[in-house]
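Reviewing the structure listed below.
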Amino acid sequence: MPVDFRAILTTLAALASGALAAFALTNPPLQDWAIVASQSEIDRWISSGPTSVALGAVVAVLACALSQRSGSRRAAWIVVTAATAIIALIRVAVPDVAVLDLLITLVVLKSVAAGVILGCAVAASWDRTAARNGVLLGVIAGYLSAHAFGTGAGRMSTSAVGEPAWFLLAATAVLAVACAISAQSGFRIRRPDAGEIRVALIAVIALAIGHRILGSIVDRQEFASKGTAWVVMILCAAAALALTAIVARQLGEQSGAGGKFLWAATALAAASTPTLLVNGQFGQWASLESPWVVVLASGVAVALGLRLSKRIPATVAVVILAAVPLSELLPFTTAHGAVSIVVKIAALGFGGAALLGALAPASLVDATLGLAIPFAAMTFTSITVLAYQLSWPPVRVNFASVEPAIYTAEIPVDYVNAQTIGSALLFVAIIAVCGAAIRRVPQNSNSAESGVSDAH
């Protein structure tokens, strides 16, 4: 059987584009920044992160919709190349930024470019099984491993995870150009069904705005009593799930498996957020010899999960995801040691890939929406951060008068407390709701495997 170099190029370009989009859309909260500004300016800067990610999610679906409208795969890959060039220019410009407003502008621009890359990559590659798996591998593995590249406070950046590596930018650009050159004019992007794009756009806007508002409500409970804070967290989690249910019902009615895919992405977001953020808050990523260990672990686990996605029941994948936040109930050194971190990332990658791979929808815009959710689900991010803050008594320290040894203090043995237990159980409940919704929605034939042929 002759080797299809065009299909190989498309798969590699989809993988690189998905990884780049995931890295650029990752913007976790961080308390320390290499910025000197007033408190109001700092607040505006911190707020710009989640807002820009929400905008990027909306842009991703819009870019996919426009690519479907045009029908040209060559044009889609050209747009990916242009968006990659924009992110590269931002990387060059960031070290010389001295004005906070300009840095905020670059954050927004980078998120928009990442959304464009994600949407166009899905549109250009989703109809091929190998290329679709390439997108899923890049996005899921990139989402799970980007946090390991956290930069800390001593480096100017648009994100707590830094800027994308030059080799990733170069690989994405080169592969996208190669795909644009080799694209066949007769093999066009599938036209959307009537009303499909409208429903997906309304859905992503509702989810992005909803999560942003709910996340900001949770953020404002930092100085509230523990009882009030927990009531707000539970209500906001319930509201996020209710909004997801409404959107999933519409996607299910309009485009088959889109609703189930959304629930699967929400389950992955809920399962991974505690591990990704708590490790960052405690600086546990530094315990790894290299962040590339996380990249390797997540990449292999996601690839294996995608390979076995049609054989693993959805319930098994959901249970694997739910086990990860439950691991926070183990002693700190056990739950957050270097080996434990790698194991949990691998479990998230395998379970998430098995679930998303099995439920991949035929609709391109629904697929883009689902892939953007782990980044845009800021309600879960805010709940994790607030639960972490509630776990520790407030400490006021004059950093100008303390010894450096204070930064190397051991983690207290009472890490597992009522707040930690409550947070773990809340996220397990969220994942359980997602799993129940996946099982409740009836199976149908409108999936990515049956909706299109594997043409090239």
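Even glycines carry a Cβ here, placed using N, Cα and C.
Given the structure is predicted, the values throughout are model-derived calculations rather than measurements.
According to TrEMBL, the features are:
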type	residues	note
SIGNAL	1-21	signal peptide
TRANSMEM	45-66	transmembrane segment
TRANSMEM	75-94	transmembrane segment
TRANSMEM	100-123	transmembrane segment
TRANSMEM	135-153	transmembrane segment
TRANSMEM	199-218	transmembrane segment
TRANSMEM	230-249	transmembrane segment
TRANSMEM	261-278	transmembrane segment
TRANSMEM	290-308	transmembrane segment
TRANSMEM	315-332	transmembrane segment
TRANSMEM	338-359	transmembrane segment
TRANSMEM	371-390	transmembrane segment
TRANSMEM	420-438	transmembrane segment
When you look at the transmembrane segment (371-390) alongside the transmembrane segment (290-308), do they share 3+ Cβ pairs under 8 Å, ignoring any pair fewer than 6 residues apart in sequence? no
In the same chain, which residue numbers or ranges, 6 or more beyond the ends of the transmembrane segment (338-359), come under 8 angstroms Cβ to Cβ? 133, 136-137, 140-141, 144-145, 257, 260-261, 264-265, 267-268, 271-272, 275, 279, 284-285, 287-289, 293-294, 297-306, 308-310, 312, 314, 316-318, 320-321, 323-324, 327, 330, 370, 438, 447
Is it true that the transmembrane segment (199-218) and the transmembrane segment (100-123) have 3 or more Cβ pairs under 8 Å, skipping pairs fewer than 6 apart in sequence? no
Please figure out which one of 45-66, 100-123, 315-332, 371-390 racks up the most CB pairs under 8 Å against the transmembrane segment (261-278). 371-390
Given the transmembrane segment (230-249), which of the listed stretches 45-66, 100-123, 420-438 has the most Cβ pairs that are under 8 Å apart from it? 420-438
Who are the chain neighbours of the transmembrane segment (371-390) in space, where the CB to CB distance is under 8 Å and they lie at least 6 residues beyond its ends? 18, 22, 25-26, 28-29, 50, 53-54, 56-57, 60-61, 115, 118, 122, 135-136, 139, 143, 204, 207-208, 211-212, 214-216, 218-219, 221-222, 226, 229-230, 233, 236-237, 239-240, 262, 265-266, 268-270, 272-274, 277-278, 281, 419-420, 422-423, 426-427, 430
Which one, 100-123, 315-332, 420-438, has the most C-beta pairs under 8 Å toward the transmembrane segment (45-66)? 100-123
